[in-house]
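For reference, the structure discussed in these notes is given below.
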Amino acid sequence: MSAIVDIIGREILDSRGNPTVECDVLLESGTMGRAAVPSGASTGSREAIELRDGEAGRYGGKGVLKAVEHINTEISEAIMGLDASEQAFLDKTLLELDGTDNKSRLGANAMLAVSMAVAKAAAEEAGLPLYRYFGGSGAMQLPVPMMNIVNGGAHANNSLDIQEFMIVPVSQPTFREALRCGAEVFHALKKILSDRGMSTAVGDEGGFAPNFGSNDECLSTILQAIEKAGYRAGEDVLLALDCAASEFYHDGKYQLAGEGLQLSSAEFADYLATLADKFPIVSIEDGMHEGDWEGWKLLTDKLGKKIQLVGDDLFVTNTRILKEGIEKGIANSILIKINQIGTLTETFAAIEMAKRAGYTAVISHRSGETEDSTIADIAVGLNAGQIKTGSLSRSDRISKYNQLLRIEEDLGDIASYPGKSAFYNLR
């Protein structure tokens with residue numbers, strides 16, 4: 001038995017300099033697991049609650065000492081002595097201890113830190129790499145990365161309304177070569193921006209944040225960078241967007257301030273369809289407001305056969321909401337953010353539900369990240385096929401890519417890179 005003998009929660013800083021929660025779990029054998037949780041900037045209204053202290057004079061109210069105290073007292077008492085290898089039972093214990101629908105009492109940040117740290121300790125105790133512990137012998141597929149090379153919206157201080165403009169390398173035989181492709185396009189884009197006298201400062205997720213005149217201009221410039229790096233747009237590299245449309249939906253209209261547009265749901269669906277016709281876009285995330293299910297249905301009916309439509313704020317990694325979306329034919333993919341739901345067991349359930357329905361599952365970071373690379377192991381362990389973990393700069397993003405390189409090396413000849421086949425929802 002891998003009995004838990006000590007649990008330590010602490011407050012650390014994330015990539016934006018805001019406090020977040022880290023947890024150490026120690027087993028009877030002396031084995032330890034450590035995990036740190038991320039935090040989002042644009043968040044869905046139905047996400048599990050991230051517990052913050054609200055003390056204005058300390059970290060602007062963003063401290064997490066209450067969440068840490070919950071780990072070091074109530075949670076510690078509840079799971080001390082439990083078997084770390086019994087992940088589902090341990091997560092159930094956490095859920096029952098919290099007793100709320102949205103984890104507002106203990107905090108999803110406290111619960112997730114413990115859930116992840118327990119899994120890491122159990123994997124170490126079993127002598128298995130984390131991805132293998134999660135997925136067993138079937139874990140062998142590396143994910144296709146969606147690399148956020150231009151930041152807008154809530155992730156940057158510029159005029160772009162769409163939050164993320166991503167490149168998706170799909171023709172490469174290995175993850176290593178896909179990563180190289182992304183890095184080369186990133187540096188080609190930096191040179192283009194520099195030559196134009198545009199800003200090469202980066203946003204929260206490591207992408208550039210220049211002031212483009214329009215989304216169209218931004219996408220055209222990315223195509224130039226792909227070609228400048230020696231790749232073929234639409235063949236070697238595809239494009240993806242995260243609209244984060246809930247952020248610019250006001251008074252029943254999609255208000256693209258950067259372009260001076262106010263659009264109805266139908267008009268915004270047409271706007272996105274026009275972009276998809278003009279550019280090699282394979283995926284659009286949060287193309288409608290999280291509460292605009294009629295708009296989502298319009299968008300799905302219009303683009304759902306040829307474009308991956310990812311629900312992030314829409315589904316918030318929640319199986320109850322995802323089930324409703326599947327039944328109503330809304331979207332065809334779910335974004336998986338571990339801190340939206342708060343335990344690994346619930347996270348894995350959302351991935352499996354999506355797959356059973358023919359939806360894809362995209363494993364994702366948050367804009368406030370740490371050096372913790374657990375999501376890389378989840379992506380491989382669950383054979384998710386896709387990952388979103390930022391740009392080709394900032395070590396909080398690169399840590400996940402580097403972990404995937406290590407996993408691919410560890411897998412050796414049995415490692416596979418799915419490329420375009422990762423988008424099985426579009427077949």
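Glycine is no exception: its Cβ is also placed from the backbone N, Cα and C atoms.
Source: prediction; values computed, not measured.
According to Swiss-Prot, the protein has these features:
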type: ACT_SITE; residues: E205; note: active site, proton donor
type: ACT_SITE; residues: K337; note: active site, proton acceptor
type: BINDING; residues: Q163, K337, R366, S367, K388; note: (2R)-2-phosphoglycerate binding site
type: BINDING; residues: D242, E285, D312; note: Mg(2+) binding site
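Each residue contributes its Cα atom, and for D242 (Mg(2+) binding site) and Q163 ((2R)-2-phosphoglycerate binding site) these two points are 6 Å apart. R366 ((2R)-2-phosphoglycerate binding site) is 7 Å away from the residue listed as 'active site, proton acceptor' when you measure Cα to Cα.
Cα distances from E205 (active site, proton donor) to the binding-site residues Q163, E285, D312, S367 are smallest for S367. Each of the recorded positions E205, E285 was scored by other CB atoms within 10 A of its CB, and the lowest score goes to E285.
On a Cα basis, E285 (Mg(2+) binding site) lies 11 Å away from K388 ((2R)-2-phosphoglycerate binding site). A sphere of 10 angstroms centred on the C-beta of S367 ((2R)-2-phosphoglycerate binding site) encloses 24 other C-beta atoms. For the recorded positions given as K337, K388, the lowest number of other CB atoms within 10 Å of the residue's CB is seen at K337. A 10 Å cutoff on Cβ-Cβ distances gives Q163 ((2R)-2-phosphoglycerate binding site) a total of 28 other Cβ atoms nearby, all chains included. Residues D242, E285, D312 make up the record's Mg(2+) site, and a Cβ search at 8 Å around their centroid adds Q163, E164, L241, C243, A244, I284, D286, V310, D313, L335, S364, K388 from the same chain.
Counting in whole angstrom, R366 ((2R)-2-phosphoglycerate binding site) lies 11 from D312 (Mg(2+) binding site) by their C-alpha atoms. There are 28 other CB atoms within 10 A of the CB of D242 (Mg(2+) binding site), with all protein chains counted.
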